[in-house]
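Engineer: Below, the features straight out of TrEMBL:
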type	residues	note
ZN_FING	19-45	zinc finger
DOMAIN	19-45	domain 'C3H1-type'
ZN_FING	62-89	zinc finger
DOMAIN	62-89	domain 'C3H1-type'
REPEAT	104-145	repeat 'WD'
REPEAT	231-272	repeat 'WD'
REPEAT	273-302	repeat 'WD'
Amino acid sequence: MALGIPNSRNGHNPYNQHPTKNVICAFWLKGRCTRNPCRFLHPDASIQPPTQVPLQHFDGPQPQIRVCDRWVSGSCAYGEKCRFLHTWFHSDEAKHSFSMLTRLEGHKKAVTGVGLPSGSAKLYSGAKDGTVRVWDCNTGKCVKVINNGAEIGCLIIEGQWVFIGLPNTVKAWRLDVATGDYEEFVLDGPVGQVNAIAVCNGLLFAGSHDGVISAWRGSSDVNGFQLVASLEAHGGPVLSLSVQLERKRLFSSSADGTIKVWDLNNLQCIQTLSDHKDAVTCLLCSNEFLFSGSLDKTIKVWAANQGGKFELAYTHEEECGVVAVFGMADAQGKPVLFSSCKDFTVRLYDLPSFKERARLFSRKDVGAIQSGPGGLFFLGEGTGTVGVWNWMAEQQNMSQ
């Protein structure tokens, strides 16, 4: 739509004219008109120009369960009247209280792994920018940046070990938690980006872009690890690995939409689960069940029958694709499932009912979730930040 500003090819300054009738200055509406006088109307100099917010902010009296984009950017002018949330979490029950303690900022790309080594007061995070950042848990400050020279597809912590998935390589760091130093082992064998790592019974597994799972056993030689198997697992990239120690099973999921079940005694595939209709992005094992999240907008729950075969027990439908799942107990010890979705939310469900108890929000997908001591948990976001949350507001181990 024309704004009514005439051309000035002959050098005539149109702003020296009297105000044009019934035409409000478009720049005043945006709060950035610098003309005085201006030939367009400024209705009342005592009234601040409104922030342009879509009319749907007033479509109903109850807030929608989504964060106000303009509140995030600091520009929402409607306060409590805004129909969108001005908070990073939502719960219908006051007893489900959360506190975001801080956002750890520094990574330039999506965070792909986060964790606390055993006995350490340092939090480790890895990201697609190729760096591992080490954060002081008492101050929230980054105390070390380690550049690995390539995209980090995943990072996990096991005891005092840090395992990092890189293109064609896994790095294993044995930490000295007292000094912060580490001894590095480089494990070759994978082809393409390593997207998933799991550890159990002295074996290290890494799933890579070529659909293969590489397996190493810890050894006493100079390399520290010996490649013992390359499992031809999937027809697409391996996206997640999870272990069920009680049944001695390894589970792998892939962009090909399948889940493979592996016997840890002989590293043989004993079952393929094919009920998902799109990439299976994440897996989570409990003592009794396997949870799988997919871009087909479902979380599926699997249980072993009397013969040891896994069968589909339940399908939970989400509003959009699932990118990560995680489990932890609440302050009362009740199991809760975290489901990170493509709409930048993390939904928390009571188990086994799948009743939604809360929803957390972020600026981009949360691809990494990990728990910490005293009710802490960490969300690795696609923005490159690590959100530090506490289940109970009074338990704070990090400061802003």
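Even glycines carry a Cβ here, placed using N, Cα and C.
Have a look at these and tell me how they're positioned relative to everything else.
Structural biologist: Sequence-distant neighbours of the repeat 'WD' (104-145) (same chain, 6+ residues past either end, Cβ-Cβ under 8 Å): 151-157, 159-162, 164, 175, 177, 180, 364-365, 367-368, 370, 372-373, 378, 380-388, 397-400.
Secondary structure of the repeat 'WD' (231-272) per DSSP, as helix, strand and coil residue counts: 0 helix, 25 strand, 17 coil.
Tertiary neighbourhood of the repeat 'WD' (273-302): same-chain residues 236, 239-244, 246, 251-261, 310-327, 335, 337, 339, 342, selected by CB-CB distance under 8 Å and a gap of 6+ residues from either end.
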Engineer: Summarise the repeat 'WD' (104-145) as counts of helix, strand and coil residues per DSSP.
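Structural biologist: DSSP composition of the repeat 'WD' (104-145): 0 helix, 22 strand, 20 coil.
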Engineer: How many helix, strand and coil residues does the repeat 'WD' (273-302) contain under DSSP?
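Structural biologist: Breakdown, helix to coil: 0 helix, 18 strand, 12 coil.
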